[in-house]
């Protein structure tokens, strides 16, 4: 039966477990209570238990739930190379994992035990467990030598002592060496002694004088027995050779020799010198020194000079194994007489062991949003030295945002000291330095590689605060305009940027009808061709969005300016080119040099230099008479008008813009050189317009010919019907007394309002259906005259003249109309033929 005891700081629990092991051993166990802040348990088991044998129920003894063992990743932490026990987390039991040999584990140390910790996480708990290994009688006492020889003088005095070799029993306690037994004889009796360390040795005491002549040699046996059940024993043969008489034995001058030596002292270091003297002379007075056989293994640690008695270090001593060494030295003369003395050597500790760092757990990678104080690793640091040499302090090398904290003896937690930011520190090496307090101090390092995992905590950032680009109008649809670019310092999917066009309206239409953006590259393309005259700029917003969850985004404003192209020719506003009637400017023959005839007014819907207009006189009836202002388009005389100048003057003015290539428009200005209106009546019968043929005229003529056969008869019937209708209406109105119907034609004016052309040409015309009752009134409001004519008329013209006297006559049929607005009057050929 194996008897197991469980100690906890809050109670004692007893449990019995049975185990068959060849024979039945009964062990009486001691109660040990450990007072610590952690829960502690202690078990006692016999050595040599089979693998898998139950040691104890840890979960029950610690008051822990099995779920806690699993969630806390409960495990055994031990600094030993061999893990003798195993924790079954599914049952909460502790079982034997490896064969336990108490003698191999502890030697002669008693009680024999080993300690380990049960470590749990979340939160971290540490429960020390002590396993006491109980000895069983599995070793018999043994002697180092199987044969001992003694040379004893026959003159040896009664009571002389002869130290015998000590037996070594690896067992301890009651199973260890208990007694020596010497075979019965007449000359020697056995006397047993106990050393301060508990070991036993025996001496043969001469109780009857020896007689070499009677018995020169004695053969004895020394039996060493232990206290086990069954009892075990070991024997050694003792041969005693009886020598001739030697009356005096050597005597040491000290009963105890004490000395100190530092550990790791080099081989050959002198420790102490023992001294013994013999009052005999000759060979009987010559003394030699040697180590007593009472302590096995001393010869391996020390050397002794047989002649001088000087003791030296044979190999380096280790304070961690032997703190104090005791042994006996014997002095022997040539007559075989001996004496012994005790030597005590104290080993002084030096700082020869650096701290050892063991990693219990380490977590990598760690998320960058982990709060400060997050535990990323647990380490165990031990130093086998003693005193200050074994006091350990842990630090972290370098300026990394981590610190080390100790909550439990010899255990340290590696925790974050600040919030992590992967964009500044994506990975790092954490070097832990463990140093002791020795002089000089020893230290060791352990480097941990930590990787910081990314979270989506950064929005994309555009490289510019504002993007702008230029694009010429009339561009091809789909052309690339510019590229926007945003960077995201995150990684992987969190750094994948997509570009999105924000919805907005431009001139009442969605922005997507104007531009598009490539979601991957950020390239902005024109969806359609732009017209500068319709839209001059595009302002919209592009959003950059990453692929995180939830996604983060940022916006940037993009401005695209449409560049004007010279795609519009100048448009002439004045003089107006009419197809059915001619407008002529009248210049008196008395006009001086620089006389303003008229002004050509044109505009260009383009902008910039594409709208800068210049005026040139392309051809004229008399180029020496007129000139055109290059910038203002004013037509002036460049010499005095004479009677020889032709009445009809025709000027062709070309208006060009400043684009590349330039575009132009042509306008024909008719000028009448005369002082009075009747002078030019006969001249205007032959005044005709030049015809301008368009390149597309042929196409229209062909199209017209295709349908003329269908429309000819219809048109002919319609025309005849209209003529008959007008004739009948004219006859009816001729005999009626209808009131006068005033007519206010439009007036020509300076379109641009520059003041170059004055609002002149003021006249009033009143007509009835009966042309014989019509009348005219002329008004003067300036110094220029405009002559409006119908080139298709064969005998009818109207003259517009500046005669203010007509407006002042009280009997004028238009007196009541003189306050009507002034205007320029223009009629088609049908009006001249209607009844004039």
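Just so it is clear, glycine is given a Cβ too, placed from its N, Cα and C backbone atoms.
According to TrEMBL, the feature transmembrane segment maps to residues 697-722, out of the candidate ranges 697-722, 723-748, 749-774, 775-800. Among the residue ranges 2-19, 20-37, the one that TrEMBL annotates as transmembrane segment is 20-37. Each residue of the domain 'Cadherin' (358-462) gets a DSSP state, and the totals for helix, strand and coil are 4 helix, 57 strand, 44 coil. The residues of the domain 'Cadherin' (144-252), classed with DSSP into helix (H, G, I), strand (E, B) and coil, number 3 helix, 54 strand, 52 coil.
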